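Annotated domain 'CP-type G' per TrEMBL: 65-223, in sequence order. TrEMBL lists 74-221 with the feature domain 'EngC GTPase'. Here TrEMBL flags ASN114, LYS115, ALA116, ASP117, GLY165, PRO166, SER167, GLY168, VAL169, GLY170, LYS171, SER172, SER173 as GTP binding site. Annotation source TrEMBL lists Zn(2+) binding site at CYS247, CYS252, HIS254, CYS260.
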Amino acid sequence: MRGKIVKGIAGFYYVHVPEHGVFECKARGIFRKEALTPMIGDDVEIQVVDPARKKGNIEKILERRSELLRPSVANIDQALLVFALHQPEPNLQLLDRFLAMVENAGIDVVLCFNKADTEQGSEGEALEEMYRRVGYHVLVTSALEDRGLEPLKKVLHHKTTVFAGPSGVGKSSLLNLLQEAVSFETGSVSRKIGRGRHTTRHVELIALDKDSYLVDTPGFSSLQLDDFSSQDLKDQFIDFHPFLDACRFKGCMHLKEPVCGVKEAVRDGKIHPSRYENYKAIYEEMQELQKNQYPRKTDKNRR
Ligand SMILES: Nc1nc2c(ncn2[C@@H]2O[C@H](COP(=O)(O)OP(=O)(O)OP(=O)(O)O)[C@@H](O)[C@H]2O)c(=O)[nH]1
Ligand SMILES: [Zn+2]
(Lines of atoms letter the chains of each structure in order from A and count residues from 1; the text may use other names and numbers.)
(Lines give C-alpha, C1' and ligand atoms only; values in the text may rest on other atoms or scores of the structure.)
(Ligands and ions follow the chains in the order given, each with its own letter.)
Protein backbone atom coordinates (compact mmCIF):
# COMPACT_ATOMS: atom_id res chain seq x y z
CA MET A 1 0.00 0.00 0.00
CA ARG A 2 1.08 3.53 -0.66
CA GLY A 3 0.88 6.33 1.87
CA LYS A 4 2.54 9.38 3.36
CA ILE A 5 4.53 9.68 6.56
CA VAL A 6 2.64 12.17 8.72
CA LYS A 7 4.41 11.73 12.04
CA GLY A 8 7.48 10.13 13.59
CA ILE A 9 7.92 9.17 17.22
CA ALA A 10 10.66 7.09 18.80
CA GLY A 11 11.56 4.98 15.80
CA PHE A 12 7.99 4.58 14.59
CA TYR A 13 6.62 6.24 11.50
CA TYR A 14 2.93 6.92 11.15
CA VAL A 15 1.85 6.46 7.58
CA HIS A 16 -1.44 7.85 6.34
CA VAL A 17 -2.93 5.60 3.70
CA PRO A 18 -5.88 7.29 1.99
CA GLU A 19 -9.14 5.51 2.78
CA HIS A 20 -7.41 3.05 5.13
CA GLY A 21 -6.24 5.26 7.96
CA VAL A 22 -2.93 5.62 9.74
CA PHE A 23 -0.48 2.72 10.14
CA GLU A 24 2.26 2.51 12.73
CA CYS A 25 5.33 1.44 10.81
CA LYS A 26 8.92 0.50 11.31
CA ALA A 27 11.54 1.28 8.72
CA ARG A 28 12.60 -2.09 7.39
CA GLY A 29 13.18 -1.55 3.71
CA ILE A 30 16.37 -1.86 1.71
CA PHE A 31 16.68 1.94 1.78
CA ARG A 32 18.28 1.49 5.19
CA LYS A 33 21.35 0.06 3.52
CA GLU A 34 21.61 3.29 1.57
CA ALA A 35 21.51 5.24 4.85
CA LEU A 36 18.32 6.94 3.75
CA THR A 37 16.26 8.10 6.71
CA PRO A 38 12.54 8.50 6.22
CA MET A 39 11.25 12.06 6.61
CA ILE A 40 7.85 13.46 7.47
CA GLY A 41 6.18 14.07 4.14
CA ASP A 42 7.83 11.14 2.41
CA ASP A 43 5.62 9.12 0.11
CA VAL A 44 6.24 5.49 0.96
CA GLU A 45 5.22 1.98 0.21
CA ILE A 46 4.30 -0.11 3.21
CA GLN A 47 3.66 -3.74 3.88
CA VAL A 48 0.91 -4.33 6.40
CA VAL A 49 1.91 -6.91 9.01
CA ASP A 50 -1.06 -6.59 11.36
CA PRO A 51 -4.19 -5.22 9.71
CA ALA A 52 -6.28 -5.27 12.88
CA ARG A 53 -3.81 -3.22 14.90
CA LYS A 54 -2.75 -1.21 11.87
CA LYS A 55 0.94 -2.06 11.98
CA GLY A 56 3.32 -2.33 9.10
CA ASN A 57 6.77 -1.88 7.63
CA ILE A 58 8.03 0.81 5.34
CA GLU A 59 9.39 -1.00 2.32
CA LYS A 60 10.28 1.82 0.03
CA ILE A 61 10.67 5.59 0.03
CA LEU A 62 9.49 7.13 -3.21
CA GLU A 63 11.64 9.80 -4.77
CA ARG A 64 11.56 13.11 -2.89
CA ARG A 65 10.46 16.13 -4.87
CA SER A 66 11.86 18.52 -2.29
CA GLU A 67 13.35 18.64 1.18
CA LEU A 68 12.81 21.45 3.62
CA LEU A 69 15.17 21.67 6.57
CA ARG A 70 13.08 23.71 8.95
CA PRO A 71 10.49 22.41 9.40
CA SER A 72 12.04 19.13 8.37
CA VAL A 73 9.48 18.01 5.81
CA ALA A 74 9.76 16.39 2.40
CA ASN A 75 7.62 17.10 -0.65
CA ILE A 76 6.21 20.49 0.36
CA ASP A 77 4.22 21.90 -2.55
CA GLN A 78 3.50 25.40 -1.38
CA ALA A 79 3.57 27.97 1.40
CA LEU A 80 0.42 29.76 2.48
CA LEU A 81 1.62 33.15 3.59
CA VAL A 82 -0.89 34.63 6.03
CA PHE A 83 -1.13 38.29 6.99
CA ALA A 84 -4.00 40.11 8.70
CA LEU A 85 -5.82 43.10 7.21
CA HIS A 86 -5.69 44.63 10.71
CA GLN A 87 -4.66 43.58 14.22
CA PRO A 88 -1.79 43.43 13.46
CA GLU A 89 -1.55 45.85 10.53
CA PRO A 90 0.11 44.17 7.56
CA ASN A 91 3.80 44.99 7.27
CA LEU A 92 4.23 44.92 3.50
CA GLN A 93 7.98 45.15 3.69
CA LEU A 94 8.05 41.99 5.76
CA LEU A 95 5.64 40.43 3.30
CA ASP A 96 7.78 41.34 0.30
CA ARG A 97 10.89 40.06 2.04
CA PHE A 98 9.17 36.79 2.74
CA LEU A 99 7.93 36.50 -0.82
CA ALA A 100 11.51 37.00 -2.02
CA MET A 101 12.74 34.22 0.28
CA VAL A 102 10.08 31.82 -0.93
CA GLU A 103 10.85 32.70 -4.55
CA ASN A 104 14.53 32.07 -3.92
CA ALA A 105 13.70 28.67 -2.44
CA GLY A 106 11.58 27.85 -5.47
CA ILE A 107 8.46 27.14 -3.42
CA ASP A 108 5.04 28.14 -4.74
CA VAL A 109 3.25 30.65 -2.58
CA VAL A 110 -0.34 31.68 -2.00
CA LEU A 111 -1.09 34.89 -0.13
CA CYS A 112 -3.88 34.98 2.42
CA PHE A 113 -5.13 38.17 4.05
CA ASN A 114 -7.09 37.11 7.11
CA LYS A 115 -9.36 39.02 9.52
CA ALA A 116 -11.50 40.35 6.68
CA ASP A 117 -14.12 41.09 9.35
CA THR A 118 -11.94 43.92 10.73
CA GLU A 119 -11.92 45.87 7.51
CA GLN A 120 -13.42 49.36 7.47
CA GLY A 121 -13.23 50.09 3.76
CA SER A 122 -11.96 47.94 0.93
CA GLU A 123 -8.42 47.27 2.18
CA GLY A 124 -8.77 43.59 1.36
CA GLU A 125 -9.73 44.27 -2.22
CA ALA A 126 -6.90 46.77 -2.65
CA LEU A 127 -4.27 44.34 -1.36
CA GLU A 128 -5.77 41.51 -3.36
CA GLU A 129 -5.61 43.61 -6.51
CA MET A 130 -2.07 44.79 -5.82
CA TYR A 131 -0.58 41.35 -5.25
CA ARG A 132 -2.66 39.72 -7.95
CA ARG A 133 -1.08 42.19 -10.36
CA VAL A 134 2.36 41.24 -9.06
CA GLY A 135 1.48 37.70 -10.07
CA TYR A 136 0.38 35.94 -6.90
CA HIS A 137 -2.72 34.00 -6.02
CA VAL A 138 -4.43 36.00 -3.26
CA LEU A 139 -7.18 35.03 -0.83
CA VAL A 140 -9.08 37.14 1.68
CA THR A 141 -10.48 35.23 4.65
CA SER A 142 -11.99 35.60 8.08
CA ALA A 143 -11.48 32.77 10.52
CA LEU A 144 -13.81 34.57 12.91
CA GLU A 145 -16.73 34.78 10.51
CA ASP A 146 -15.91 31.71 8.46
CA ARG A 147 -15.36 33.73 5.28
CA GLY A 148 -13.32 32.69 2.28
CA LEU A 149 -12.81 29.17 3.59
CA GLU A 150 -14.00 27.44 0.42
CA PRO A 151 -11.47 29.13 -1.89
CA LEU A 152 -8.83 28.39 0.76
CA LYS A 153 -9.74 24.70 0.78
CA LYS A 154 -9.53 24.71 -2.97
CA VAL A 155 -5.92 25.92 -3.07
CA LEU A 156 -4.94 23.35 -0.44
CA HIS A 157 -6.45 20.51 -2.43
CA HIS A 158 -4.00 17.82 -3.63
CA LYS A 159 -1.10 19.69 -2.03
CA THR A 160 1.14 19.65 1.02
CA THR A 161 1.13 23.16 2.45
CA VAL A 162 3.07 24.94 5.15
CA PHE A 163 1.41 27.95 6.81
CA ALA A 164 3.66 30.91 7.52
CA GLY A 165 3.19 34.48 8.66
CA PRO A 166 3.76 36.83 11.59
CA SER A 167 2.41 36.28 15.06
CA GLY A 168 -1.28 36.87 15.72
CA VAL A 169 -2.57 36.94 12.15
CA GLY A 170 -4.76 33.86 12.63
CA LYS A 171 -2.76 30.95 11.26
CA SER A 172 -3.74 28.59 14.07
CA SER A 173 -7.35 29.73 13.87
CA LEU A 174 -7.47 28.93 10.15
CA LEU A 175 -5.78 25.58 10.67
CA ASN A 176 -8.20 24.65 13.42
CA LEU A 177 -11.17 25.63 11.28
CA LEU A 178 -9.94 23.53 8.38
CA GLN A 179 -9.31 20.65 10.72
CA GLU A 180 -12.69 20.92 12.38
CA ALA A 181 -14.32 20.72 8.98
CA VAL A 182 -12.42 17.48 8.40
CA SER A 183 -13.27 16.09 11.83
CA PHE A 184 -16.90 16.95 11.24
CA GLU A 185 -16.92 15.13 7.93
CA THR A 186 -14.99 12.10 9.15
CA GLY A 187 -16.35 11.96 12.68
CA SER A 188 -12.87 11.89 14.17
CA VAL A 189 -11.85 13.97 17.15
CA SER A 190 -10.13 17.20 16.25
CA ARG A 191 -6.91 18.23 17.91
CA LYS A 192 -6.44 21.92 18.51
CA ILE A 193 -3.25 23.39 17.18
CA GLY A 194 -1.24 24.54 20.15
CA ARG A 195 2.26 25.86 20.09
CA GLY A 196 5.02 27.32 22.14
CA ARG A 197 4.40 25.24 25.23
CA HIS A 198 6.70 22.41 24.29
CA THR A 199 10.06 23.32 22.92
CA THR A 200 10.72 19.93 21.36
CA ARG A 201 7.55 19.48 19.40
CA HIS A 202 7.93 17.39 16.31
CA VAL A 203 6.48 18.31 12.98
CA GLU A 204 3.30 16.57 12.05
CA LEU A 205 1.21 16.59 8.91
CA ILE A 206 -2.54 16.96 9.17
CA ALA A 207 -4.40 14.99 6.52
CA LEU A 208 -7.22 17.17 5.21
CA ASP A 209 -8.45 14.63 2.73
CA LYS A 210 -6.99 11.81 0.75
CA ASP A 211 -4.07 13.76 -0.63
CA SER A 212 -4.08 17.19 0.98
CA TYR A 213 -1.81 17.79 3.95
CA LEU A 214 -0.98 20.73 6.18
CA VAL A 215 2.20 21.17 8.21
CA ASP A 216 1.03 21.76 11.77
CA THR A 217 3.75 24.19 12.82
CA PRO A 218 2.77 27.57 11.50
CA GLY A 219 4.80 30.66 12.25
CA PHE A 220 7.49 32.74 10.70
CA SER A 221 10.33 31.19 12.57
CA SER A 222 9.06 27.72 11.72
CA LEU A 223 9.76 28.19 8.04
CA GLN A 224 13.47 28.78 7.64
CA LEU A 225 14.76 29.28 4.16
CA ASP A 226 18.23 29.79 2.78
CA ASP A 227 19.75 33.23 2.85
CA PHE A 228 20.76 34.79 -0.41
CA SER A 229 22.82 37.83 -1.27
CA SER A 230 21.53 41.35 -1.82
CA GLN A 231 22.77 41.04 -5.41
CA ASP A 232 20.20 38.32 -6.04
CA LEU A 233 17.28 40.09 -4.37
CA LYS A 234 16.17 41.78 -7.58
CA ASP A 235 15.64 38.39 -9.23
CA GLN A 236 13.10 37.42 -6.57
CA PHE A 237 10.82 40.38 -7.35
CA ILE A 238 8.81 38.66 -10.05
CA ASP A 239 6.98 41.82 -11.07
CA PHE A 240 10.32 43.32 -12.21
CA HIS A 241 10.93 40.53 -14.72
CA PRO A 242 8.92 41.87 -17.69
CA PHE A 243 10.90 45.14 -17.68
CA LEU A 244 14.50 43.95 -17.52
CA ASP A 245 15.03 44.19 -21.26
CA ALA A 246 14.69 47.95 -21.03
CA CYS A 247 17.58 48.24 -18.53
CA ARG A 248 20.77 49.48 -20.20
CA PHE A 249 23.05 47.32 -18.05
CA LYS A 250 22.76 43.57 -17.87
CA GLY A 251 23.28 43.36 -14.10
CA CYS A 252 21.19 46.46 -13.40
CA MET A 253 20.21 46.69 -9.71
CA HIS A 254 17.47 49.18 -10.60
CA LEU A 255 18.86 51.68 -8.12
CA LYS A 256 21.17 54.48 -9.30
CA GLU A 257 21.69 53.21 -12.86
CA PRO A 258 20.59 55.41 -15.75
CA VAL A 259 18.08 53.97 -18.24
CA CYS A 260 16.36 51.37 -16.09
CA GLY A 261 13.26 49.50 -17.23
CA VAL A 262 12.15 48.82 -13.67
CA LYS A 263 12.33 52.45 -12.55
CA GLU A 264 10.52 53.43 -15.73
CA ALA A 265 7.78 50.88 -15.00
CA VAL A 266 7.40 52.31 -11.49
CA ARG A 267 7.03 55.80 -12.98
CA ASP A 268 4.46 54.52 -15.48
CA GLY A 269 2.46 52.79 -12.76
CA LYS A 270 3.22 49.32 -14.08
CA ILE A 271 5.07 48.29 -10.93
CA HIS A 272 3.48 49.23 -7.62
CA PRO A 273 5.60 51.91 -5.85
CA SER A 274 5.25 50.01 -2.59
CA ARG A 275 6.97 46.99 -4.11
CA TYR A 276 9.82 49.09 -5.47
CA GLU A 277 10.28 51.04 -2.21
CA ASN A 278 10.33 47.78 -0.27
CA TYR A 279 12.86 46.34 -2.69
CA LYS A 280 15.17 49.30 -2.04
CA ALA A 281 14.70 49.13 1.72
CA ILE A 282 15.27 45.37 1.90
CA TYR A 283 18.31 45.69 -0.38
CA GLU A 284 19.85 48.33 1.86
CA GLU A 285 19.16 46.27 4.94
CA MET A 286 20.77 43.22 3.38
CA GLN A 287 23.79 45.25 2.34
CA GLU A 288 24.19 46.59 5.84
CA LEU A 289 24.02 43.06 7.24
CA GLN A 290 26.58 41.77 4.74
CA LYS A 291 28.92 44.61 5.64
CA ASN A 292 28.75 43.68 9.30
CA GLN A 293 29.24 40.01 8.57
CA TYR A 294 32.32 40.53 6.44
CA PRO A 295 33.99 43.72 7.69
CA ARG A 296 36.61 45.06 5.32
CA LYS A 297 40.23 45.05 6.45
CA THR A 298 40.39 48.83 6.37
CA ASP A 299 37.52 49.04 8.84
CA LYS A 300 39.33 46.70 11.19
CA ASN A 301 42.61 48.59 10.93
CA ARG A 302 40.97 51.82 11.84
CA ARG A 303 40.01 50.51 15.27
N1 LIG B 1 -11.22 39.53 14.13
C2 LIG B 1 -10.59 38.39 13.83
N3 LIG B 1 -9.78 37.81 14.74
C4 LIG B 1 -9.15 36.67 14.39
C5 LIG B 1 -9.33 36.06 13.13
N6 LIG B 1 -8.55 34.95 13.09
C7 LIG B 1 -7.92 34.87 14.28
N8 LIG B 1 -8.28 35.89 15.07
C9 LIG B 1 -7.82 36.18 16.45
O10 LIG B 1 -6.47 36.63 16.38
C11 LIG B 1 -5.72 36.15 17.49
C12 LIG B 1 -4.50 35.39 16.99
O13 LIG B 1 -4.92 34.21 16.30
P14 LIG B 1 -4.01 32.94 16.11
O15 LIG B 1 -4.77 31.98 15.31
O16 LIG B 1 -3.50 32.49 17.43
O17 LIG B 1 -2.82 33.58 15.30
P18 LIG B 1 -1.45 32.91 14.84
O19 LIG B 1 -1.14 33.48 13.53
O20 LIG B 1 -1.53 31.44 14.94
O21 LIG B 1 -0.46 33.52 15.93
P22 LIG B 1 0.91 32.89 16.52
O23 LIG B 1 0.53 31.67 17.26
O24 LIG B 1 1.42 33.97 17.43
O25 LIG B 1 1.83 32.65 15.36
C26 LIG B 1 -6.69 35.31 18.30
O27 LIG B 1 -7.20 36.09 19.33
C28 LIG B 1 -7.77 34.95 17.30
O29 LIG B 1 -9.02 34.73 17.92
C30 LIG B 1 -10.22 36.68 12.19
O31 LIG B 1 -10.43 36.24 11.07
N32 LIG B 1 -10.80 37.85 12.61
ZN1 LIG C 1 17.16 48.36 -14.08
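Numbering starts at 1 and runs along the chain as displayed.
Every residue gets a Cβ built from N, Cα and C, even glycine.
Taking only the Cα positions, the spacing between SER167 (GTP binding site) and HIS254 (Zn(2+) binding site) is 32 angstrom. Highlighted here are the binding-site residues (ASN114, CYS247, CYS260) whose C-beta falls below 6 Å from ligand 1: ASN114, in sequence order. Residues from the binding-site residues list (ASN114, ALA116, GLY165, SER167, VAL169, LYS171) with a C-beta closer than 6 Å to any atom of ligand 2: none. In sequence order, LEU244, ALA246, ARG248, PHE249, MET253, LEU255, GLU257, VAL259, GLY261, VAL262, LYS263 are the residues of the same chain, not among CYS247, CYS252, HIS254, CYS260, whose CB sits within 8 A of the CB centroid for the Zn(2+) site. With a 10 A radius on its CB, VAL169 (GTP binding site) counts 26 other CB atoms from all the protein chains. The DSSP breakdown of the domain 'EngC GTPase' (74-221), given as helix, strand and coil counts, is 53 helix, 35 strand, 60 coil. Regional average pLDDT for the domain 'CP-type G' (65-223) in the model is 87. With GLY165 (GTP binding site) as the anchor, the candidate binding-site residues are CYS247, HIS254, CYS260, and the one with the nearest CA is HIS254. The closest partner of LYS171 (GTP binding site) among the binding-site residues, by CA position, is HIS254; the full candidate set was CYS252, HIS254, CYS260. GLY165 (GTP binding site) counts 26 other C-beta atoms within 10 Å of its own C-beta, drawing on all protein chains shown.
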